[in-house]
Amino acid sequence: MSRSSESDPLRPSDHIDAAPEAAGDGGNPRLGFVGWLRFLWRQLTSMRTAIVLLLLLAIAAVPGSLVPQRSSDPNGVIQVRADNPELVWLYDALSLHDVYSSPWFSAIYLLLFTSLVGCVIPRLAHHWRAMRAQPPRTPARLTRLVGFRTVAGDASDLDRADGVLRKLGYRTARYGDSISAERGYLRETGNLVFHISMLALLLVVGIGSGFGYQGQRLVVEGRSFANAQSSYDTFTSGRWFDEGALEPFSLSLDDLDVVYEMENPNAIGAPLDFTASVTVTEPGQEARPGQIKVNEPLRIAGANLYLISNGYAPRVIVRDAEGEVVFDEYTPFLAQEDPMMTSLGVLKVPDGLDEQLGLLGFFYPSAGQLETGALASIYPDLLNPVLSLRGFTGDLGLDAGVPRSVYALDTDDLTPIAGGDAEADELTMALGETAEIPGGLGTIEFADVQRYGVIEVHEDVTQVPVLWITIVLFVSLLASLLIPRRRMWVKAAGGRLELAGLARGEDPTLERAVADLARRIGGDEAEAGSETSAHPEPGADASRSDASARPDADAAASASDTTPEPRSDATGPAARRGPDGRIDA
Amino acid sequence: MNTPALDALSLLLVYSAMAVYTVAFVAFAVDVARRSAARPVPAHELVGAGGPAVSAPAEPVAIGPGRGARIGFVLTVLAWALHVASVVLRGVAAGRVPWANMYEFALTGIAVIVGVFVLSRLWRDLTFLGVYITGLATAFLGVATVNFYVEPIPLPPALQSYWLVIHVFVATLATGFFALGSGLSILQLLKERRAGGFLRSLPSSTQLEDLSYRVSVIGFIFWTFTLIAGAVWAEHAWGRYWGWDTKEVWTFIIWVVYAGYIHARATRGWRGSRSAWLQLVGFVAVLFNFTVVNLFFKGLHAYSGL
Ligand code: HEM
């Protein structure tokens, strides 16, 4: 290799700017083991492989948007499996509910990143050297390079030209009566940093997410909880999570304020705002107020707190026949898929009455009567709260040791005593009202109602590093895509100064840059000066003989890579004609 | 004026814009037809010294846009002005940015696509894309008004964020550039197949490819930003920056396809029609993400308003 290629960006072997491969090491049968390895490695680190793997990755991501995923839609997963029992084996065999952690998806991105590493490391070393090297030797003939033109001047003007180039950010070197200049190393730097950031992103996410945890907790207004694994309704944590990592704080939900639209006729009852006012207590510190809104999480040390959902928790008091209180609790009712917040809930009263009592029914924040006589909520706020419960007696199964959801009541083995098949009607109470429980069991009072909020506590150590990496990634992407990398030559020949440029990578403004340089060096004369362009003018039909033929700037580039003097035979697709039909060469 | 009256006015402007876009489309189409019908001028075969035969530039008369195209362009600008006015009024009527449901995304998104086309005139004459862009605008506005229209309603809390302004707007900007790039790629592919008629008057397939690449790279930069901004917003609103929600998945797919496109452009043997196809696959994914994913896929981004 000639010295000049030292300062080229090293590119994968099938990159458009790469020097053509030496023939003969492709399918040579006597390649030997090392030869084969090298061959495979070159295949893996080729641009072609990168494209194919990128496209595979895109295709592999599709199924995860069609089939519900455990990570983002666990209920959907349950539903799909219940609806298609005959397909469950297929979903499992192909990890269709965990596409993004499945072996096949992982295989694709791991291969892609291996290819990335293999691609980037040699380029890094090469670029490191290139940044210190001199710009390459001036080609013997500039005429066929981009933007070739001449301006008045001779060798004594080269110092001035050198100054102009340096001011424009070029690194320059003198070779006899010529200056060789190069700029835009930042493009390659950007490209490398960009690819490395992606690698960093993968590593940080892959490792860091193992340290995180996420817990959800339903809190009724006025109640509090401590940040401990046992206080959560649901809790998931990463592989390397240690309970000691939980930030020691406790939180009380003082007030949950919800604002609903009341004026716009198209959106009556649409929620406009959720604000949870909380009090945070950290050890050794005074309790302080805080706020959680949708889009405005509360940050406590490393933990982030989000308001996930909300609902109503009616306070129900059950008394026995003697008037003794046997049950007094705020019970969360879950909003059904109803914007007006009709909510479903279950109360279990195992002790204190003659029989175990189960209650199942609806809470209507603003009850209204449908034409059928049935109740429904007609507004999501508390305008006319009504509780309507069916009653059952029998063994609630709480002592059987089988964990039961607090939100479900298995009524199969219970005896209905109110509502449904029972003789007595449902127990329906407006706020403050009391109803008799049939069978003389006692009374039930709808004493109060509070809102509850579901608060998610989330700690993810990758969050901050990932943000920084993405910022670096974006900035380096800009550098890599927008900074032109180019060479310029100024050469004293035939009593004039010759100028020409060469693009390294995409550089649509090179032609203009040469013209601009000519103006700076040659003054006004350059404007009218003899311009012989080696570049096709707009409108000229430069159709290719085949899709892979390279535009001639590139062809000239690789020619100059291997031999300092481009050969001037005008055969092949590189032959071009100026707009006026003359042939330059 | 109150909200319904402003919104009615906005809708009236949308209909007017559609009418003018349609006329512009016809003007562009007539121009294309005229140019297709023009008698092909035999290309001069010039034989260079020692070089192969090279065809001279196509007949110069056909290169500049014809009168039909000029009329089409002026009408497009007029329609666009009406369109932008309708977008602004919709925003005023709703009292917020006009891109918070399907109808508004479509309305604003198409205005941005046409805007990128109109303003690209300051940089390059791309009038030859007029048929494609006005056709796209007319068809999409039709679908948006007929199928997606909803009355303006206040923002749900999840959308009350400055990220709505940034993230969604940059996404539509990216879409505008991708749309322009896809038009150029389609012409490039046509041009690579045959060079007769209307196509003869266009820049060479290499130049179309270069233009498409430059426009698509801008789109890619905006898309990258959209992806990052979306992740930041997701962290604020949903408690995690990435969760493979359907819309996130498709944003990722589009990003990866365009990364493939950029690599293809830089790869021997992939430049030319293969990279053009990738550009188109990317744009189809953008459209798919906007329509099918919004309407039929389940996920957290349930903001179509339908
Ligand atoms: C994780 C997968 C990858 C992604 C998402 C990706 C993305 C990109 C993007 C967006 C660009 C354009 C911006 C720039 O120039 O920096 C680019 C350029 C480039 N990538 Fe990658 N890349 C990936 C993997 C690879 C691999 C495996 C290779 C090596 C074979 C590679 C080699 C290159 C080269 C040489 C360029 C410069 C292209 C040019 O000269 O225009 N990339 N890549």
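Yeah, the Cβs are placed from backbone N, Cα and C, and that goes for glycine too.
For reference, TrEMBL has these:
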type     : residues  : note
DOMAIN   : B:111-301 : domain 'Cytochrome c assembly protein'
TRANSMEM : B:12-30   : transmembrane segment
TRANSMEM : B:71-93   : transmembrane segment
TRANSMEM : B:99-119  : transmembrane segment
TRANSMEM : B:126-150 : transmembrane segment
TRANSMEM : B:162-190 : transmembrane segment
TRANSMEM : B:211-234 : transmembrane segment
TRANSMEM : B:249-264 : transmembrane segment
TRANSMEM : B:276-297 : transmembrane segment
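Here the domain 'Cytochrome c assembly protein' (B:111-301) returns a mean pLDDT of 91 for the predicted model. The recorded stretches the transmembrane segment (B:162-190) and the transmembrane segment (B:99-119) share 3+ CB pairs below 8 A when only pairs 6 or more apart in sequence are counted, and are therefore in contact.
Against the transmembrane segment (B:99-119), stretch B:126-150 shows more Cβ pairs under 8 Å than any other of B:71-93, B:126-150, B:211-234. Counted as Cβ pairs under 8 Å, contacts with the transmembrane segment (B:71-93) are highest for B:12-30 among B:12-30, B:126-150, B:211-234, B:249-264, B:276-297.
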